[in-house]
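Q: Below: one structure in structure tokens.
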């Protein structure tokens, strides 16, 4: 038997299995931390991978729902936990995703209790030449948020995008994207506004760029971002640049992060194509 892929959502896994059954290919699901899909007849592996790439590009296509009805398997027989929302939060995020989220929450609470300035003195980008060897400052600015909406918006995107990268490509890949984008987006932002800035948005934009381009160029990676969302991200950058909403935003970090993410995805998919 050959393992084809894994899905965090068992219903999505069942939809793909049902569709392949209508195509004459029998797949089985084994439940572990995720729903692992296995193929008994390995001679059909290439065909399954082609169909999987199409499925990942548009899992909501009506033909997949129709396949579930046709196969008579609209009830997958899977048992779901009583708290599906909490289960989804846990299953979609790996340890790095959770650690960064926890760090952001802890820092936000500290800023609320003892004041923004006190925390920024310890975590902000080096604001004095004598601080340039305090290496953590080049990265810890991503943990600081200045309003509830600011942190909620960033953590939601971080969980959605960072969790997908970590689950599909590994914790190491998420760490590399986070470290590089935090450093470069922070460098650009301090050139625009000085050292007094914070937020995870530079990393979030890097993840947006990475996930979108990686999904476009390498569908078998299992990660993708709908084109409408990347268009929204670009429009948000334009709106922020011209201050249409009257909010102070780290425009330099957003643009730099997006470029970093696109560049990393291009390099990764270039290497993947060379290997194939």
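We number each residue from 1, going along the chain as drawn.
Cβ atoms here come from the backbone N, Cα and C positions, even for glycine.
If you look up Swiss-Prot, you'll see 94-114, 142-162, 169-189, 192-212, 229-249, 250-270 marked as transmembrane segment, on the strength of sequence analysis. The active site, nucleophile feature in Swiss-Prot is assigned to 201. Look at Swiss-Prot and you will find 254 tagged as active site, backed by sequence analysis.
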Q: With a Cβ cut-off under 8 Å, give me the same-chain residues at least six positions beyond the ends of the transmembrane segment (94-114) that come close to it.
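A: Here the qualifying positions are 123, 142-146, 151, 154-155, 158-159, 162-163, 166-167, 171, 174-175, 178, 200.
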Q: For the transmembrane segment (192-212), could you work out the same-chain residues 6 or more beyond its ends whose Cβ comes under 8 Å from its Cβ atoms?
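A: Contacts with the transmembrane segment (192-212): 100, 104, 120, 123-127, 141-146, 150, 154-155, 157-158, 161-162, 164-165, 177-178, 180-182, 185-186, 223-225, 227, 229-230, 233, 237, 249-262, 264-265.
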Q: Could you check what DSSP calls residue 254 (active site) once collapsed to helix, strand or coil?
A: helix
Q: Could you pull out which residues elsewhere in the chain have a CB under 8 Å from any CB of the transmembrane segment (169-189), counting only those six or more residues past its ends?
A: 94-97, 100, 125, 138-139, 141-142, 162, 197, 202-203, 205-207, 210, 221, 223, 250, 252-257, 260-261, 264
Q: State the non-local partners of the transmembrane segment (250-270) in its own chain: residues 6+ outside its ends, Cβ under 8 Å from one of its Cβ atoms.
A: 176-177, 180-181, 184-189, 191-193, 197, 199, 201-214, 217-218, 233, 236-237, 240-241
Q: Measure from the CA atom of the residue listed as 'active site, nucleophile' to the CA atom of residue 254 (active site) and give the result in Å, rounded to a whole number.
A: 6
Q: Taking 10 A as the limit, how many CB atoms besides its own sit near the CB of residue 201 (active site, nucleophile)?
A: 27
Q: Among all the protein chains here, how many other CB atoms are within 10 A of the CB of residue 254 (active site)?
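A: By my count, 26.
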